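TrEMBL has this to say about the protein:
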BINDING   GLN37, LEU38, ARG39, ASP40, LYS41, ASN69, SER108, LYS137  4-amino-2-methyl-5-(diphosphooxymethyl)pyrimidine binding site
BINDING   ASP70, ASP89  Mg(2+) binding site
DOMAIN    7-188  domain 'Thiamine phosphate synthase/TenI'
Amino acid sequence: MRVDLSLYLVTDPGLCEARGLVETVMAAVRGGVTLVQLRDKHASDAELVPLARRLKAALAGSGVPLIINDRLEVALASDADGLHIGQDDGEVADARAALGPEAILGLSVQTQEQLARVDTGRLDYLGLGPVFATPSKHDHAQPLGFAGLAELVAASPLPTVAIGGLNAEHAREVYRAGADGLAVISAICGTPDPEAAARTFPRGPDDR
Ligand code: TZP
Ligand code: MG
């Protein structure tokens, strides 16, 4: 499935708490977010399913797909549009088999070795990062910088989205590295006005 990766919002339960998670996401969508990932490392599946369903209902009609981080069962139970998994979150083949051919399936990649093993035919995109060190992900891999990002993008068989410590100021360098977009948590969720924050990002490489 072709997916618009240009401004990919990843949620964080703490940073989205002030306004409410669904409110925060919808404000960001009004500001131009093209894809939303529900990410919560601590909530149980039973807690996440109703939240995912509310988010899916809120996004209906916006054209913005909902991706679930890590939890295949939550993605299935909430009728989300897709799943994003990391290197230790199970087999891509199993996730694709369970989700079906129409779902969006993304994988996090941090190194050339991981890239060489990517199951290209079953994935829609790769998340590459972290570009910079970030407090939003504990125990993240060694930051890539823009040079490392560019090397991974050049070798990627799939569309790519850069992640990790990114804000609108970095968009030019991310696109110069060849990525298809930016994925952010704090640059949108961690601001008092997520809609305005989203608007500061360019809509792809040719905007601005
Ligand atoms: N994966 C790599 S870095 C990261 C994830 C989920 C966190 C990105 O958050 P922020 O606040 O945009 O740096
Ligand atoms: Mg994961």
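The backbone N, Cα and C atoms fix where each Cβ goes, and this holds for glycine too.
Features as recorded by TrEMBL, highlighted on the structure.
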residue: GLN37; record: 4-amino-2-methyl-5-(diphosphooxymethyl)pyrimidine binding site; DSSP (3 states): strand
residue: ASN69; record: 4-amino-2-methyl-5-(diphosphooxymethyl)pyrimidine binding site; DSSP (3 states): strand
residue: ASP89; record: Mg(2+) binding site; DSSP (3 states): coil
residue: SER108; record: 4-amino-2-methyl-5-(diphosphooxymethyl)pyrimidine binding site; DSSP (3 states): strand
residue: LYS137; record: 4-amino-2-methyl-5-(diphosphooxymethyl)pyrimidine binding site; DSSP (3 states): coil
Fill in: Distance, ASP70 (Mg(2+) binding site) to LYS137 (4-amino-2-methyl-5-(diphosphooxymethyl)pyrimidine binding site) (CA atoms, angstrom)
14
Item to complete: Filter the binding-site residues GLN37, LYS41, ASN69 down to those with CB closer than 6 A to an atom of ligand 1; keep them in sequence order.
Response: none
Discussion item. Any of the binding-site residues ARG39, ASP40, LYS137 with a C-beta atom under 6 A from ligand 2? Give them in order, or none.
Written reply: none
Response to the item:
Neighbour count check, CB within 10 A, over binding-site residues ARG39, LYS41, LYS137; minimum at LYS41
Worksheet entry | For GLN37 (4-amino-2-methyl-5-(diphosphooxymethyl)pyrimidine binding site), the number of other Cβ atoms found within 10 Å of its own Cβ | 24
Item to complete: Write down the Cα-Cα distance for ASP89 (Mg(2+) binding site) and ASN69 (4-amino-2-methyl-5-(diphosphooxymethyl)pyrimidine binding site), rounded and given in Å.
Response: 10
Item to complete: Whole-number Å only: compute the distance from the Cα of LEU38 (4-amino-2-methyl-5-(diphosphooxymethyl)pyrimidine binding site) to the Cα of ASP70 (Mg(2+) binding site).
Response: 9
Worksheet item: Which value does the mean pLDDT take for the domain 'Thiamine phosphate synthase/TenI' (7-188) in this predicted structure?
Response: 97
